[in-house]
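Peer 1: From TrEMBL, for reference:
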- ASP107, GLY157, TYR311: substrate binding site (BINDING)
- HIS149: active site, proton acceptor (ACT_SITE)
- ASP184, HIS186, ASP272: divalent metal cation binding site (BINDING)
- 382-450: region 'Disordered' (REGION)
- 397-407: compositional bias 'Acidic residues' (COMPBIAS)
- 422-450: compositional bias 'Basic and acidic residues' (COMPBIAS)
- 483-504: region 'Disordered' (REGION)
Amino acid sequence: MDTGGNSLASGPDGVKRKVCYFYDPEVGNYYYGQGHPMKPHRIRMTHALLAHYGLLQHMQVLKPFPARDRDLCRFHADDYVSFLRSITPETQQDQIRQLKRFNVGEDCPVFDGLYSFCQTYAGGSVGGSVKLNHGLCDIAINWAGGLHHAKKCEASGFCYVNDIVLAILELLKQHERVLYVDIDIHHGDGVEEAFYATDRVMTVSFHKFGDYFPGTGHIQDIGYGSGKYYSLNVPLDDGIDDESYHLLFKPIMGKVMEIFRPGAVVLQCGADSLSGDRLGCFNLSIKGHAECVKFMRSFNVPLLLLGGGGYTIRNVARCWCYETGVALGIEVEDKMPEHEYYEYFGPDYTLHVAPSNMENKNSRQMLEVIRNDLLQNLSKLQHAPSVPFQERPPDTETPEVDEDQEDGDKRWDADSDMDVDDDRKPIPSRVKREAVESEAKDKDGGLKGVMERMKGFEVGGMEESGSNTKVTGVNSVGMEEAGVKMEEEGTNKSGAADQVFPKT
């Protein structure tokens, strides 16, 4: 059992890490629909950059095994998973009530291959956790994952299945403590909610706060019960740049690593916090964003890197390509090699783009108040908690396909002894190829009058009442601990939930 905080065998920060990279060549074919800002095609564009920069040869490239129903039900409700599996564009009109119940239809549309998409991106994240748990790599990457808004019983914010929660649950089988860090512009609400009442998972989210989706992530939302002070929220305003961001990120995350001493770290690298994002309003450069990856990598703790938001897809691909190089310890050239998506990156055809001259509404004084308040909260955690284990759940079976050895078009191994759910099929051929669409700046974020809700809060001591409003939001996962379904082979799992977080 790893007690947390141990250094990896790979050595100091300058030494290259062993990296596992999960990619399914079909993932770019999934299509949310015309005009929808979420485009899985960006994952294929990222992969093409990695291939032409020569980075794939430095990693173990794996095709994730699709997550099974019972894997998804470790966090999600049975009826919700069943609904995702059965719903299709042709049948959705007959299930209006269910669509409303599970929040599927607008931001989270029904599209061809929806359930296979969920299985694919969740399989990559859980597979990465399994590799880390077995010490088979130092860093695992799944750019298709990071869908942090999904809840136990509903879709939210373009996210259907919360692969991050599932990956953390897998890491908790081996590690007493897991740290989750979220640098997406949107608050990581689904992950925070799932672990809001446990001290085994610390969640830290740096996000735009105010009149902005999902509307959660107040600095006073700090956790509940055993999890009090184990949720950190860093509320930010429009236009934050690299320098301002790291005035918060580095001292806060340095103190978190010192006090919490996690056995593994999950870093959600949502690229909608980059300058010029279609839905975002931050002003980070790709290097500034990647500095978060570099900083977390420097602690030499098993690291799972996931994707997330990002809606100016050429910049998403740039960012995740560069951050893959950071993970590998390889500096990637700015001049972009020619490849099949080269035209997306004109007229400069470079990896890096200059941030804009937009106003930074985050004053130095405000940043210092936020930093000091969060460091004060961290000081109340005197030492890393020690959580007793009873019986360790079995590892999730993930027989990934090594892309270096297998046919990239072969999705399932007929000789595998894995239990494969009935009715699973490859993506239907009618799935649309992603078309190049306008990336005109959307104004849906409600950017006016932001931070009004933040201006009146007390930044001194955290009162107990400050978390009361949050408690009502975690009912779906259980107020005391996150309810996680532990299924036994051949048994009916309906209503059976075991608690994996014993009280300390």
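Glycine residues also receive a Cβ, built from the backbone N, Cα and C atoms like all the rest.
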Peer 1: My understanding is the cutoff is Cβ-Cβ under 8 Å with a sequence separation of 6 or more in the same chain; which residues meet that for ASP184 (divalent metal cation binding site)?
Peer 2: GLY146, HIS148, SER205, HIS207, GLN268, CYS269, GLY270, ASP272, SER273, GLY308, GLY309
Peer 1: Within 10 Å of HIS186 (divalent metal cation binding site) (Cα to Cα), which of the recorded positions ASP107, HIS149, TYR311 do you find?
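Peer 2: HIS149, listed in sequence order.
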Peer 1: So around the substrate site, ASP107, GLY157, TYR311 aside, which residues have their CB within 8 A of the centroid of those CB atoms?
Peer 2: PRO37, MET38, HIS149, PHE158, CYS159, PHE213, LEU279, GLY309
Peer 1: Quick one: among the recorded positions ASP107, HIS149, ASP272, which has the most Cβ atoms sitting within 10 Å of its own Cβ?
Peer 2: HIS149
Peer 1: How many angstrom lie between the most widely spaced Cα atoms of the substrate binders ASP107, GLY157, TYR311?
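Peer 2: This binding site's residues have a maximal Cα-Cα distance of 14 Å.
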Peer 1: Around the divalent metal cation site formed by ASP184, HIS186, ASP272, which additional residues qualify by having Cβ within 8 Å of the site's Cβ center?
Peer 2: ILE185, HIS207, LYS208, GLY270, SER273, LEU279, GLY280, GLY308, GLY309, GLY310
Peer 1: Other than its own, how many Cβ atoms are within 10 Å of the Cβ belonging to GLY157 (substrate binding site)?
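Peer 2: Summing over all protein chains shown, GLY157 (substrate binding site) has 21 other Cβ atoms within 10 Å.
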Peer 1: Hey, how far is GLY157 (substrate binding site) from HIS149 (active site, proton acceptor), Cα to Cα, in Å?
Peer 2: 6
Peer 1: Return only the integer: C-alpha distance in Å from TYR311 (substrate binding site) to the residue listed as 'active site, proton acceptor'.
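Peer 2: On Cα coordinates alone, these residues lie 16 Å apart.
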Peer 1: Can you grab the distance from ASP107 (substrate binding site) over to the residue listed as 'active site, proton acceptor'? Cα atoms, rounded to a whole Å.
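Peer 2: The Cα atom of ASP107 (substrate binding site) is 12 Å away from the Cα atom of the residue listed as 'active site, proton acceptor'.
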Peer 1: Near TYR311 (substrate binding site), how many other Cβ atoms are within 10 Å of its Cβ?
Peer 2: 23
Peer 1: How many other Cβ atoms sit within 10 Å of the Cβ of HIS186 (divalent metal cation binding site)?
Peer 2: 27
